[in-house]
């Protein structure tokens, strides 16, 4: 029976050193040499690692592999944004590259689909299949760098920032998230500053408390409502951890974090006549008064079948100005890649839904039960 090869992209530095010493009977520094080839030079062929002796190269060829997701489709936006469908087995996840001057941000997925049911997000409507492995998370970054070009001649980084804001809820994949983040920060990995790696969560308090004890990166929270009643309606996770539980966990995290400089980024998607009234703005201002933050308003990005609409520019402007009257720093996110469905909330991929959510949504639609209202569909 043929033994499956070990994918070296599944190891952070500590894990790779252990694998080399315990499984390959090699010195730990050899693991670090290989890491540098993989992440600094984008090499996936052991034969190209010319400072590794032939015996070790043969051992690696026999027992190991370096396999990242492959691009099955690429779409290019007029604004320079690129959306890649990346193959992870027989399914696809979506990864988005957003260039902006000297800054180049990669939006990375953490799950195939999403286990949560946020009503305004197209990813949620696809259902959920599984968590991504470490190699499939960091492999998106590795593959994107290859696609863009490592630009060795100029010395410029092809990717300066990573945001865990793609498909899925990162904190429901803690086992693979933490080593993935370690590789992003590691000098022998992608060597990113902890302030340039951002994890966004919808409110998985247990996961955020684990992050507090294990990793320091920038944090963004998907809040999207100023009270529990409304948040539970559009984000069912609020029934498990309510707003006060969530914010208490956020305060614990930023108190222990250097990456956040004492503040969290609050993400608030604006849904026309749902959560964008001036009373909502004032309620949000009051809610956040004990949690140091900056607020990022996200005008809703439509997708087929959604019951929601983007607010008018005047409503967005009034909402922002109301918050600013309370001395908050408030930005409105510039929509990027919406012409290729690469904007916030539009990622769908190709998901084999294990929750049966997509089948239930289709049945409800055919029975005329949606009718433009917020639907309440539970996974089975």
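Any Cβ shown, glycine's included, is placed from N, Cα and C.
The shown structure was predicted, so the numbers you read here are calculated from the model rather than taken from an experiment.
Taken straight from Swiss-Prot:
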type	residues	note
ACT_SITE	94	active site, proton acceptor
DOMAIN	100-339	domain 'Radical SAM core'
DISULFID	107-344	disulfide bond
BINDING	114, 118, 121	[4Fe-4S] cluster binding site
BINDING	168, 169, 200, 222, 223, 224, 301	S-adenosyl-L-methionine binding site
ACT_SITE	344	active site, S-methylcysteine intermediate
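Across the residues annotated as binding S-adenosyl-L-methionine (168, 169, 200, 222, 223, 224, 301), the two Cα atoms farthest apart lie 19 Å from each other. Checking the recorded positions (94, 107, 114, 121) against residue 169 (S-adenosyl-L-methionine binding site) with a 10 Å Cα-Cα cut-off leaves 114. Nearest to residue 301 (S-adenosyl-L-methionine binding site) in space, judged by Cα atoms and limited to the recorded positions 94, 107, 114, 121, is 121. In the three-state DSSP classification, residue 200 (S-adenosyl-L-methionine binding site) falls within a strand.
Its Cβ taken as reference, residue 200 (S-adenosyl-L-methionine binding site) is surrounded by 21 other Cβ atoms within 10 Å in the chains shown. For the residue listed as 'active site, proton acceptor' paired with residue 223 (S-adenosyl-L-methionine binding site), the C-alpha to C-alpha distance reads 23 Å. The CA atom of residue 118 ([4Fe-4S] cluster binding site) is located 19 Å away from the CA atom of residue 107 (disulfide bond). In this structure the alpha carbons, written CA, of residue 200 (S-adenosyl-L-methionine binding site) and residue 107 (disulfide bond) are 11 Å apart. Taking 121, 168, 223 as the binding-site residues under consideration, the smallest Cα distance to residue 107 (disulfide bond) is found for 168. Counting every protein chain shown, the number of other Cβ atoms lying within 10 Å of the Cβ of residue 168 (S-adenosyl-L-methionine binding site) is 30. Considering only the binding-site residues 168, 222, 223, 224, the residues lying within 10 A of residue 114 ([4Fe-4S] cluster binding site) on a C-alpha to C-alpha basis are 168.
Recorded residues residue 121 ([4Fe-4S] cluster binding site) and residue 222 (S-adenosyl-L-methionine binding site) have their alpha carbons 12 Å apart, per Cα-Cα distance. In three-state terms derived from DSSP, residue 301 (S-adenosyl-L-methionine binding site) belongs to neither a helical nor a strand segment and is classed as coil.
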